[in-house]
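Visitor: I am attaching a structure below and will ask some questions about it afterwards.
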Amino acid sequence: MSVVLMLFAAFSLLMHLFKMGYYVMMKECKPVAKVLAPFIEAPFLGLQVVINHWSGLMVTLSADLLLWLNAVTEDTVHLEIEMEKEDGRATNATLCQCSADTLCLFFRKGYEVLYPFNMEYYLMAGCMLYVMWKNVGRRMSPGSIPHHAQRITLRIVHEGGILFGPLFGGLVLIAGVVVFILYQVWVNRGQHRHTAFLIFYCYHLAVMPIMSLCSLAGLMVHKLERRADERGHNPTRSLDVALLVGAALGQLALSYFSLVAALAVGPSGPLGSLDLSYSLLSLLELLLQNVFIIDGLHRNPNLALTKGKGKERINIFMEGQQTWYKKVTQEICAFLILSNIMLWMIPAFGAHPQFENGLGKQFFGFSAWFVLVNLVQPLGVFYRMHSVGALMELLITG
């Protein structure tokens, strides 16, 4: 997670450079405070990345959350771009436009493309600081062993004979990269814009039902395996589940409000129907995957359920079936890990059809829909990343 945080921090710093250049060129029609803001925010972001020990975790956490909320509601540059897409009225609507200045357009485009990374960084930094704050003064039990999920996951896949999950997950990953590139190239071209939305929705409508079926199959394996639940309070696991559920609320909210907009406005052609189907499948996939992960996290990897006189016989049966159950669970986890990585990459790198396709803007209005998408989209990205970590733990424990 720290590597991903550093990646988002690097892109956020780069975004601030573009933002500085853009605001300096537009200083004649921008408030002084707005022009100076990135010059103050960038050093804070840089210091937060460099300094590893914090004496005021709650102060820094509060600052991160405030900066995240500011990034969520700051729609100036996007509003300007939206106005320029309108008919000739946009030319006289505001003086703050790059017009034909190539350098200004370059800075503004970089600012626009890298904007989601800034929101994601502050949200992720806030979550990590919260985890640090919750664990201040906590000592590990003498028998506990640190998890090195990233180090041993590949070894488990290689030595455990896990084949189909990584194979089909790899196909999902490769297809997703192709779809993402085509979407980014075509979405801003008028003649290919419809096709860009079409391939985006078709890809997700093909992948999400398979993910839903995998989660459902994993739940069935859990029921058949009859493994005992872990007893006692586990603060780390409780925090993992809380972050997983809390982050999922973002994607659930976006799917719900997209569904409301699609039903209210009415399916306008194939894209409207695809958006409606996409919202419904997103809700179903998130619910099933969350139940599968949470159920798996609460199961004891070493104990089976036993009953009275049949205790010894049931234990022998479980030992004979353990390899089969474990293999199926690991295949499912491997596929879901790669699928979630792809579903993390697509919105993290700026593919937001819910904002572009117009249904939400048409029903809720530009400003309200902009704030809503920017509020819940980073939570959706964080959910995919956090679910990858939880699925890795399930893959390791089987």
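Heads up, the Cβ atoms here are built off N, Cα and C, so glycines get one too.
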Visitor: From 56-77, 276-297, which range did TrEMBL mark with transmembrane segment?
Guide: 276-297
Visitor: From 1-24, 241-264, which range did TrEMBL mark with transmembrane segment?
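Guide: Here TrEMBL associates transmembrane segment with the stretch 241-264.
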Visitor: When you look at the transmembrane segment (276-297) alongside the transmembrane segment (241-264), do they share 3+ Cβ pairs under 8 Å, ignoring any pair fewer than 6 residues apart in sequence?
Guide: yes
Visitor: To the transmembrane segment (363-383), which of 113-133, 161-186, 198-221, 276-297, 332-351 is linked by the most Cβ pairs under 8 Å?
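Guide: Top-ranked stretch among 113-133, 161-186, 198-221, 276-297, 332-351: 113-133.
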